[in-house]
Amino acid sequence: MSTVDKNNYNSRVTPYVFACWILAAFGGLMFGYDIGISGGVTGMDEFLIKFFPKVHERKMHAAENNYCKYDDDMLQLFTSSLYIAALVASFFASKACSLLGRRPTILMASTFFIAGAIFCGAADAKWMLIFGRILFGIGVGFGNEAVPLFLSEIAPINHRGAVNILFQLLVTIGILVANLINYGTSMMKEHGWRVSLGLAAVPGVILFIGSLIITETPPSLVERGKEMEGRAALQRIRGVDNVDAEFQQIVTGCEQAKQVKQPFKKLFKKSGFPALFIATIIQVFQQFTGINAIMFYAPVLFQTLGFKKEEVASPSFRPDVYFPGRNWSNLGNPPEGDRVIGQGLGSSGGGSSLHIRDVICMSWGQWDGSFRSGNRFHETKRFCIQ
């Protein structure tokens, strides 16, 4: 393989470092699978009959507003417990990354995730189901903290943007895979929901094995006082012996970081506030689009709109044109960080996603002659435009 010399940093993209990128990025697939799987499971009659029979009864016979049929605190807790646990776990994961390293934190994430899949797949009571989701959430919290950090620190400087976006790419692939699995398991008569939840162990196992193969990142080793091991790790992931320039920058950066007192306070100073504000407001607007709620509850939303059970499994992943649209937007993070290219591709990705969803929404009207005459078409279009 050819040697890249950029800014005096020598590196080669070796098979080992490429494997590290892919294996670590499976942390994103874990998260994406969790996002996509819960909505499909809560739309399965067998799941509702076993754990939420009152919801199923209202779903089948009640004449009140469709949205009230799924108004159940425990059912909502089934979905939300993962994200609450992930939020709390992320604070502990941050400390684990600093004190133990990125690799052990990823290992812990996969372990929690596998345990969550076992509890959820084997659940016979609500407490097992909720506890399993909490374990999922802890795994997601640890994984979402460690994996992007790992990918950024292990990537060569001229490939950092592309490598870091692998996490986001695997998230969207995980969403698509989860919906495809829900489509298949919805055809099973009794234990489809167990298969959907239990298969979450697969990306967890891959990440667990990967965490035993990948190396610790050089910055993590250096900041914990292991400079010799840090240099050796850098030589291994760069595929060259001469890493003096880059290693010196890592050492200097770690020394400067240790000298910073009260880093969170500095974020709110005038010099750091613009970056903090932009980083925060982007995420706020992304949430305000409502796309996350649609991903979580897509099958339930479609059932409340009047889709039949056999229809729900299929359209539940078809509006996830968010998947290609989002990944087209991901191309807006080119290796060289060209802002013009990034803005152009990002805007075109968002725009294409919007228009394709509208086209798909229109196509649904061809499935059912009564679709356009009622509210189903207009409500579904509104969901898609989100």
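In case you wondered, yes, glycine gets a Cβ from its N, Cα and C as well.
Because TrEMBL annotations are produced automatically, they should be read as predictions rather than curated entries.
Listed in TrEMBL for this protein:
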type	residues	note
DOMAIN	20-386	domain 'Major facilitator superfamily (MFS) profile'
TRANSMEM	12-33	transmembrane segment
TRANSMEM	74-93	transmembrane segment
TRANSMEM	105-124	transmembrane segment
TRANSMEM	130-151	transmembrane segment
TRANSMEM	163-181	transmembrane segment
TRANSMEM	193-214	transmembrane segment
TRANSMEM	275-298	transmembrane segment
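A Cβ distance under 8 Å defines the sequence-distant neighbours of the transmembrane segment (105-124), meaning residues of its chain 6+ beyond its ends; these are 24, 27, 30, 51, 93, 96-97, 131-143, 145-147, 150, 194-195, 197-201, 203-205, 207-208, 210-212, 214. Using a cut-off of 8 Å between Cβ atoms, the transmembrane segment (193-214) and the transmembrane segment (74-93) share fewer than three residue pairs, counting only pairs 6 or more apart in sequence. Within its own chain, the transmembrane segment (74-93) has Cβ neighbours under 8 Å at 34, 38-39, 42, 51-52, 55, 105, 109, 126, 129-130, 133-138, 140-142, 144-146, 296-297, counting only residues six or more beyond its boundaries.
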